């Protein structure tokens, strides 16, 4: 039997979060934190709603996951996020010693990988490009609508 | 008459916050956000208390200041922080377009300036080294006590 809980499944859940952001006129980025094949936190970008430029999906998801686990460290967790994290979020993922980062679309303007110094924790495994087209299409649609 | 509201005054207030962190066994870093010569937010590191590795003094102060102003941007604000911000916090300061950053001690292990790419907003003015000895002494005492 095929394991239904694979990267595509969890990224699909992150995309549902991104869609929620889209619907409330936030830049559509979504994230889920997975620990032992279970989603322990879900979040979407809420910078406008919270009037807080730091309220990125990743920051909210990481704080919620740490709260759920009662641990400062997410070293047995995978973060699925629809867009490549920014420098701030990569710095946060460093502090929580994230086990694995899976992201969808690359962020060619603000992505952490544009910085030459490695920002993530040395132990964090990275997989990029999972459902990237869906993630990018959602963001492109958002900005197209915004500029219309 | 000498303006009592100078960098030393505001850094002194940030140091009071750092002292509060020290007293509750948090790494003693404190911050205040100043807008038009008034302190609009005060915070100290609470990573242990909140079980949240992202709960740095700067993150808490920036979110509180944005909430106070009802604005995502702190482009008319100065952040005083006793220790050089890390990459995560520098990323946050970028997003809020901070007008001015004043910090005390340099962080030779985790400071944002160790990264070769500029992380702050291009418009952010930076002043380092204000009351650095007091800030460093507090941190050194903390780790000395921790290891005793």
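For all residues, glycine too, the Cβ spot is worked out from N, Cα and C.
Fair warning: this is a prediction, and the values are worked out from it, not measured in the lab.
Quick look at what TrEMBL annotates:
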| type | residues | note |
| --- | --- | --- |
| ACT_SITE | B:58 | active site, proton donor |
| BINDING | B:56, B:86, B:89 | Zn(2+) binding site |
| DOMAIN | B:5-115 | domain 'CMP/dCMP-type deaminase' |
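Look at residue B:58 (active site, proton donor): DSSP puts it in a helix. Under the three-state DSSP scheme, residue B:89 (Zn(2+) binding site) falls in the helix class. Within the same chain, residues at least six positions away from residue B:86 (Zn(2+) binding site) with a Cβ under 8 Å of its Cβ are B:56, B:107, B:110, B:111, B:112. Long-range neighbours of residue B:58 (active site, proton donor) (same chain, six or more residues apart, CB within less than 8 Å of its CB): B:31, B:43, B:79, B:81, B:85, B:89, B:92, B:93. Around residue B:89 (Zn(2+) binding site), taking its Cβ as the centre, 31 other Cβ atoms fall within 10 Å, counting all chains. Within 10 Å of the Cβ of residue B:56 (Zn(2+) binding site) there are 28 other Cβ atoms, across all protein chains.
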